[in-house]
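First comes the structure, then the notes that go with it.
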Amino acid sequence: MVDSQYYLPNDIGISALDCSEAFRLLSPQEKMYAHYLSRASWYGGLAVLLQTSPESANIFVLLQRIFRKQTPAQLEQVATAAGLSSEEYQAFLVYAAGLYANMGNYKSFGDTKFIPNLPKDKLKALVWASQAFQEQPAEMEALWDSCSCLLYSLENRQKQLGLGDKGITTYFSGNCCLEDAELAQKFLDSKKLSAYNTRLFKKEDGGKTCYEVRLASAVQKDCAVDGECESCCGSFSFEDKEFTVKRGDYSPIMEKVCYYLEKAQTYAANENQRKMLEEYTRSFTLGSIEAHKEGSRYWIKDKGPIVESYIGFIESYRDPFGSRGEFEGFVAVVNKAMSERFAKLVSSAEVLLPELPWPQEFEKDTFLKPDFTSLDVLTFAGSGIPAGINIPNYDDIRQTEGFKNVSLGNVLAVAYATQKEKLTFLEEGDKDLFIKWKGPSFEVQVGLHELLGHGSGKLFVQDDKGKFNFDQSKVINPETGEPVSSWYRGSETWDSKFSTIASSYEECRAECVGLYLCLNKQVLSIFGHEGQDADDVVYINWLSMVRAGLLGLEFYTPDSKSWRQAHMQARFVILRVLLEAGEGLVGLEEVTGEDGKPDARITLDRSKIPTVGKNAIHRFLCKLQVFKSTADVEGGRAVYDNYSTVSDTGAHNFLRLRETVLLRKEARKMFVQANTRISGDSVELVEYEGSAAGLIRSFTERFQDDAEQLESSLLELSKQDAPCWC
């Protein structure tokens, strides 16, 4: 029996993401703009297949070829004739939908592999019986042979993403380990190159180690091309090792992205949007993060647009080293009513920031009022869809020029709808309250987390010229009582300095800000909560966090003692902090469920949240900020690793609780997204049903214009790098 965490259940939740009303209200020009940005995003999102695992692109092409010839409904009769039961056929559809939704065969949330929940010989029989195989038997057999082994393999290293012997990654060649990643980071820093759009390939040449840093770009030439003063490519010696910087990673995909971004420029609403798209196009053409930063600056200046978007190599959660970005692109339409609440939160920021538990010197000199809007997603291409985003991730821009926050309203509406019978680990008396207030409390938490969490706190920096952005003689470290003795130097960034823990640590800091500030009556009132309702929102927000900390154990791998999901690790850390606070604030006990199997029960004393709870978060949050501001990696890592430890000793046996969590887990929902297509001189929205079949159809119709060329490009890219993963 395969452990159930490695396949997706047949009854997994699949919901259509509704944006029809938002799209209908757009002008013809806005619809065209949204259409071309969506096309750029969907094509760019295909790079994620190549960023996830060696086999993902081949599996994607295999599925596309099958479903382009026969819809899920048509294929069902073939499956029955080939000897598959209806459960096995449904398992195949769910697997295909999962591969599309995660853009690869590893879960975007948790980074574990998932395999089809049907025997390999049954899947092979279905492939052989398909029309695609009947028409092109040699090609289809070769395609099956190229990926069928890895499609089902659950060898230890292949069970999750990771570096070296800890897991699978295609950000690094298979012979790279942590030391290689650290050396490459030092090299990139010395060249003032960002790792965001790179991958690292290590080769041995005549006993000498050579590294190839590959930049994602449409252009494949390494010499300077039109519009460049000089190229950053070339060969360099660094610490007795040879480094070569080359261009052209994902080249055919980047070409498509640039083509559609140029089309979108024609329909831009203003000069900021036009310049932004120009710079993005330059970035993806030349492989330049500097151009992407420039585009992001115009993007920040484009305040409150009707159609909002962002595109590029953005989040570094899935790089095991924590500094390479996964491609994503989104296009969304502003939800005006919800955005008004967030606007009020933004205008209260200056009053709320001083409430945070660190000294004034540790806060940014001026709060750069960001855009904060609630959006209905039209397109979100990449490996998964978040509930809120705070971008850009470039610290130098965030610290001095600002950022934007978005809350994805139609994602929140679907993702957090919960059925009572599926609510685990809560007391019966809490369940109705939880269902009633989970959505509203999460809206408050997302707002605070994105705006005042990620948007707060200063980094102490000494620039290349030796100039400090703080007064060394006066600023005191509140944890030690001594003057601040460490800071970021030159081109060091938060990600490059805190590397492997940076993402989770920062999510933890932002989550703590949400818990801390949701106690503020003014905040609750902005979101329309007063009196008893406001108290219930606070209680359910804290209870959700504590429960999420327990659920987080699903995303911990005991064999490698590693966490696979930044947010869930952060929530587990917060659970540990609140348990440590004692005084009966949080209760966590192991019990036997009604079914006779192990279960667990969480309790939270709501009367102690404003006292014991608030004090615990106050102390912990101040620590997190001080380590972050002062670039104190050793101190920060020691504290964070300590709370992240999952063991079977101490007051709670977390390893045993993890087994209970796995036994009772619910699979994460998948989303079906609409397509846009040009019909005459207007754009129409094509919607699909919220099912595995609907999700599959949305993908086969998404790339139908140039399907064969696109598929052969993906297979070629996959084949070129195949020798690097061994």
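Using N, Cα and C of the backbone, Cβ positions are placed for all residues, glycine too.
The Zn(2+) binding site feature in TrEMBL is assigned to His449, His454, Glu507. With a cut-off of 8 Å between CB atoms and residues at least 6 apart in sequence, the same chain places Asn390, Phe403, Asn405, Glu506, Ala510 near His454 (Zn(2+) binding site), listed in sequence order.
The active site annotation in TrEMBL covers Glu450.
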**Request:** Among the recorded positions Glu450, Glu507, point out the residue whose Cβ has the most other Cβ atoms within 10 Å, with all shown protein chains included in the count.
**Result:** Glu450
**Complete:** Rounding to whole Å, the Cα atoms of Glu450 (active site) and Glu507 (Zn(2+) binding site) are apart by 9
**Item:** Other CB atoms, at most 10 A from the CB of His449 (Zn(2+) binding site)
**Value:** 28
